[in-house]
Amino acid sequence: MGDQGFGFTLDDALGAIGFGRFQYIVLAYSGLGWVAEAMEMMLLSFVGPAIQPEWGLSANQESMISTVAFAGMLVGAYAWGLVSDTYGRKKGFLGAAILTTITGVLSALAPNYVSLLILRFLVGLGLGCGHVYSSWFLEFVPIPNRGAWMIVFSTFWTVGTIMEASLAWLIMPRYGWRCLLGVTAFPSIMALLFYALVPESPRYLSTQGRIAEVRQILEKGAALNQKELPVGVLVSDHIKIMTIENEPSECTALLSPTRSTASSSQRSSSSILMLLSRKLVRTTLLLWFLYFANTFAYYGIILLTTQLSVPQSDCDSPSLRSENVQDPSLYINVFITSLAELPGLALAAYILDRVGRKISMEIMLVSGFVLLLPIIVHQNDLITTGALFGSRMFISASFIIVCIYAPEVYPTNLRTTGVGIATAIGRVGGMVCPLIAVGMGSGCHQTVPVILFEITILVSALSVVILPVETKGKELPDTLDLPVQVQ
């Protein structure tokens, strides 16, 4: 339609300007946000074992350091999603970066166990904004190869986990956990410093009727990419059909702010009802479970890596566990298993736009289930590390695909709220898994936690089968009124 001069949609514009310098800027900033979250979360697998002997903590107290961080993320995921859908993605970024930076630095100075728990909860509250970065980046990406670019974005998470494992290896034996906590806050500081340089989401602005601002952003993007926007009037995707019957001036009038929707309070009160409406209820409930299960399994494997690096004969000896915190083999094992996410991402990038999101998730979950099976019983170090490497490779890839699928299936006016609630429910899995992986693993009872992780992965694979929507190659919906294609 843009070529005929009637009008063009946001997807038409993004397709015309392509993927170039404009999107690379967005990718770099959103990637920085994911690096920050990944480092803060990976940190939990090192800090607990180091603090436990120093402060004389029990296994349950040690696991609580991770649990409160996930509790903060549970609250933050919903809160920042609602803020971002109501006031804009950038407002969410600013609040989260300020909170994470301040509390992350203060965590390194925590004088006692209680203050550390409070600060790590607040860090988790800030980290709850992580899902907004992925939704924001997605809203700038053209439809062709969208899955591949989202996998590229997801590599920033893996970069963050590898960076944190490397930093722990270098810092912990020499300078201790406080120094590691302080250094880990650096990406959040960088996100705060570069905040003013990035644009607001044009899809969010479009749903608010702020079309002039959308046009300005797209014009800057086209200039950066050295491309031209289509000829005509920019219109919103959900009234695309109406542009055939109306003059451009009438189309513009239809997008005035007065048409745009309900107030912020009305939107926040009705968001859950919309997510549980007839069109979305099955997708929403299944996504809630998949986020819970993937979070539970993914962080469980990470924490098991730390716990199973302790020699079997030393499991019940606090003094020997203290010595193992200084053992380089602990950090080597975690570093090696962190590298597992790279081949998983490469495989996901290769198949995601070829076979679709649902089949890709099935492949990853079934493969992760099979590779984790050997360590239901105690194995030697080589088999244990190999099993953890393989299972983490596929479960991390499955988690990434779920995080790509969810913002694709929700409309713009519900996207960050919907993904935020799913992420919040996922954090419940993160809260539970330290109690199982650390509490049972520290006593050498690895069979029960591994069986629980295996059951969770298997049920996840069955859940993917009944997801009603495949999003491969589909335009991002702007409103709930847009028809959804069902397999």
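Any Cβ shown, glycine's included, is placed from N, Cα and C.
Any TrEMBL annotation is an automated prediction that lacks curation.
Computed from a predicted structure; not experimentally measured.
Along the domain 'Major facilitator superfamily (MFS) profile' (26-472), the predicted structure has mean pLDDT 82. The feature domain 'Major facilitator superfamily (MFS) profile' is assigned by TrEMBL to 26-472.
Note on the transmembrane segment (63-81): residues 40-41, 44, 47-48, 51, 92, 95-96, 116-118, 120-132, 299, 303, 416-421, 423-428, 430-432, 434-435, 437-439 of its chain, located 6 or more positions outside it, place their CB under 8 angstroms from a CB of the stretch. Annotation source TrEMBL lists transmembrane segment at 63-81 (among others).
Among the features that TrEMBL reports, transmembrane segment is placed at 93-111 (among others).
What TrEMBL lists as transmembrane segment is 117-136 (among others). Counting same-chain residues at least six beyond the ends of the transmembrane segment (117-136), those with a Cβ under 8 angstroms from any Cβ of the stretch are 26, 29-31, 33-34, 36-37, 40-41, 64-65, 68-81, 84, 89, 92-93, 95-101, 103-104, 106-107, 110, 150, 153-154, 188, 201, 403-404, 407, 415-416, 419-420, 423-424, 427.
If you look up TrEMBL, you'll see 148-169 (among others) marked as transmembrane segment.
The transmembrane segment annotation in TrEMBL covers 175-198 (among others).
Taken from TrEMBL, the feature transmembrane segment covers 285-310 (among others).
Annotation source TrEMBL lists transmembrane segment at 330-352 (among others).
Look at TrEMBL and you will find 359-377 (among others) tagged as transmembrane segment. Packing against the transmembrane segment (359-377) from elsewhere in the chain are residues 290, 297, 301, 304, 308, 344, 348, 351-352, 383-384, 387-388, 390-395, 397-398, 401-402, 405, 446-447, 450-451, 453-454, 457-458, 460-461, 464-465: each is 6 or more residues past its ends and has a CB under 8 Å from a CB in it.
If you look up TrEMBL, you'll see 383-406 (among others) marked as transmembrane segment. Counting same-chain residues at least six beyond the ends of the transmembrane segment (383-406), those with a Cβ under 8 angstroms from any Cβ of the stretch are 131, 134, 138, 147, 150-151, 154, 157-158, 287, 290-291, 294-295, 297-298, 301-302, 304-305, 308, 333, 336-337, 339-341, 343-345, 347-348, 352, 357, 360-361, 363-365, 367-368, 371-375, 418-419, 422, 457, 460, 471.
Annotation comment: TrEMBL describes 418-438 (among others) as transmembrane segment.
The transmembrane segment annotation in TrEMBL covers 450-469 (among others).
Touching of the transmembrane segment (450-469) and the transmembrane segment (285-310) is concluded from the presence of at least three CB pairs under 8 A, sequence neighbours closer than 6 excluded. Counting Cβ pairs closer than 8 Å and at least 6 residues apart in sequence, the transmembrane segment (285-310) and the transmembrane segment (330-352) reach three or more and so form a contact. Sequence-distant residue pairs (6 or more apart) of the transmembrane segment (175-198) and the transmembrane segment (418-438) include fewer than 3 whose Cβ atoms are under 8 Å, leaving the two stretches without contact.
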